[in-house]
Amino acid sequence: MGLSKTIWANPSEFLCAEKPVDPVMFFAPSVLQATARRFIDGFPGLVTYAVKSNPEEEVIQNLVAAGIQGFDVASPAEIDLIRRLAPGAALHYNNPVRARHEIAHAVAQGVRSYSVDSRSELRKLIEIVPAEGVEISVRFKLPVSGAAYNFGAKFGATREMAVGLLRDVAAAGFIPSLTFHPGTQCTDPAAWDAYLRAAAEICRTAGVKAQRLNVGGGFPSHRLVGELPRLDEIFALIGRVAHEAFDGAPPALVCEPGRALVAESFSLATRIKGLRDDEHVFLNDGTYGNLDELPIAGIIDRITVMSPEGEIRNAAPRERVIFGPTCDSVDRLPGEVALPGDIAEGDFVIFAGMGAYSVATNTRFNGFGNSTIATVLQLTP
Ligand SMILES: *Cc1c(COP(=O)(O)O)cnc(C)c1O
């Protein structure tokens, strides 16, 4: 693309100068650092980052610069990435099912915190990981509520089973802790209320004092114009309910947001390849690319449309079907999306809040998926 600058003022400066034919992710480090500080100041405990939501190096480096000192990692590759970029950071290996060679890799890299949701995987950890000073968190689940989709379908022990696992962890000489994940894009603060009270109940029944309680990711990001995330409300609720449920002596709290930390720091600029007979919009990016997550997590309606000359389209909105560039018919954004009535072929369609599960899950299906990242001072188009 022949970039002449490394940091641009805003997306329109780049788009007007470069007129890119491929999708561009605009990254604002200032927004990421401000969000990280909002978590660090607001959350009543340790804030760690779930690497899978966006493992770009600039993301990790800016989080470290903002004061994030712990990372939720799920694979040897993520462990190595963080060891390289943030050698002093704490690593929490919170993927509850791991191959033996993956566990051995974590031990060699000095990982001292693991999660588990089954007897078979706890047995593996006991065999391979020296217990001294190492934490094992039992991951439990409740019937899902408030999230975009059900995380409990894959991971989490029932409450009854968690009681037994917590006892076994303590008996094996590991530091016993608890963890849960209420489900991603969880807009209902009450989900944390139910999980915190269940955690206290598990500890009481097991007769084991958990050292730490990891309240997961799942914190919502701003996807819909009309729905602001209620982060401060969720932080306050977590602090208050943890004290109540554990009779004034809660375990040390940890959170591991992915989405809510990184989403707002990226905007995705796509381009209209074709406006088929003035009906369907075909973009140069879709559900096999950076918009991969929209069919399961729901639409993002924070959209700006801009002409190649940088003029914001603002005619009365009209609902349209939006397709991605591949020849697969599932490559379509959910529902119909309101776009300005005066959009035209060649326009840029810019989605806000696109940092999570976008660059991380982009495929190269059908020869598409080529996109770049441009750093900007601010994301306002
Ligand atoms: C994916 C994941 C997260 C991050 O979830 P978000 O909904 O993106 O905040 C946190 N913890 C674990 C164990 C995960 O698998």
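The backbone N, Cα and C atoms fix where each Cβ goes, glycine too.
For reference, TrEMBL has these:
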ACT_SITE  CYS327  active site, proton donor
DOMAIN    39-263  domain 'Orn/DAP/Arg decarboxylase 2 N-terminal'
MOD_RES   LYS52  N6-(pyridoxal phosphate)lysine
Exercise. Rounded to the nearest angstrom, how far is the Cα of CYS327 (active site, proton donor) from the Cα of LYS52 (N6-(pyridoxal phosphate)lysine)?
Worked result: 28
Seminar exercise, completed: Quick tally, other C-beta within 10 angstroms, LYS52, CYS327; top of the recorded positions is LYS52
For this session: Give, as a single whole number between 0 and 100, the mean pLDDT over the domain 'Orn/DAP/Arg decarboxylase 2 N-terminal' (39-263).
Result: 96
